[in-house]
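Only one structure is covered here, and it is reproduced in the block below.
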Amino acid sequence: MKGKFIVIEGIDGCGKTTQIDELSKWLPSSGLIKKGSKLITTREPGGSHLGKRLRGLILDNNQNNKPSPLAELLLYSADRAEHVYKIISPALNNNDWVISDRFSDSTLAYQGYGRNINLEIIKNIESIVCQGESPDLTFFLEISPEESIFRRKNQIPDRIESEGIEFLEKVNKGFKIIAKEKNWTVISASQNIKTISNQIKETVLNNFSKNT
């Protein structure tokens, strides 16, 4: 029996990191994770050793090092292939739980809807890269592009975060389309941290309490 795979998606600034931290603190005492199983939190890009190096290439804010849209897509895909092979699949096959900050649908949103790369090309690449792995539960933390920019105003942005609001609007629209198609759990990220966390916990319990 495989472990459970939870993914949290959303545009930058939506609070994914905070909510993954909240969820990872609660899950071990929730009664959902069987004795002997572990909880692993990870992220994309950068979840593996190779991924950390690729993350530096992907997010480098030096415009002289900016990759083409296709090269960017393939770098993300290389990161994910390694992430699945080295981290996600071994954990799930060991009956461990995995929570990931982003997975393959971020590529559809950012490189597909954001960069206008053909969605079928991305889906074909991802079908190879993901090696059959897909989330058991995906959350979409929804905020407006304007709120995203406001929340990050005092941060030093990486290359993707430096893109203008038009790009962010396209990405956000993509996430909304994907969320509807795949029946994700959509949560307003404009609420306070505790309210969002409680909604995530309730959904996790409802989805997994009968299966553990």
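Using the three backbone atoms N, Cα and C, a Cβ is placed for every residue, glycine included.
Under a cutoff of 8 A between CB atoms, and with a sequence separation of 6+ in the same chain, the neighbours of THR17 (ATP binding site) are ASP101. The ATP binding site feature in Swiss-Prot is assigned to GLY10, ILE11, ASP12, GLY13, CYS14, GLY15, LYS16, THR17.
Under DSSP, THR17 (ATP binding site) is assigned to a helix (H, G or I) in the three-state scheme. Listed binding-site residues: ILE11, ASP12, GLY13, GLY15; maximum Cβ neighbour count within 10 Å falls on ILE11.
Of all Cβ atoms in the protein chains displayed, 27 besides its own lie within 10 Å of the Cβ of CYS14 (ATP binding site). Mapped onto three states, the DSSP output places ILE11 (ATP binding site) in coil. Between the listed binding-site residues, namely GLY10, LYS16, the fewest other CB atoms within 10 angstroms of a CB are found at LYS16. The ATP site is set by GLY10, ILE11, ASP12, GLY13, CYS14, GLY15, LYS16, THR17; from the centre of their CB atoms, other residues of the chain with a CB within 8 Å are LEU141, ILE143, SER148, ALA189.
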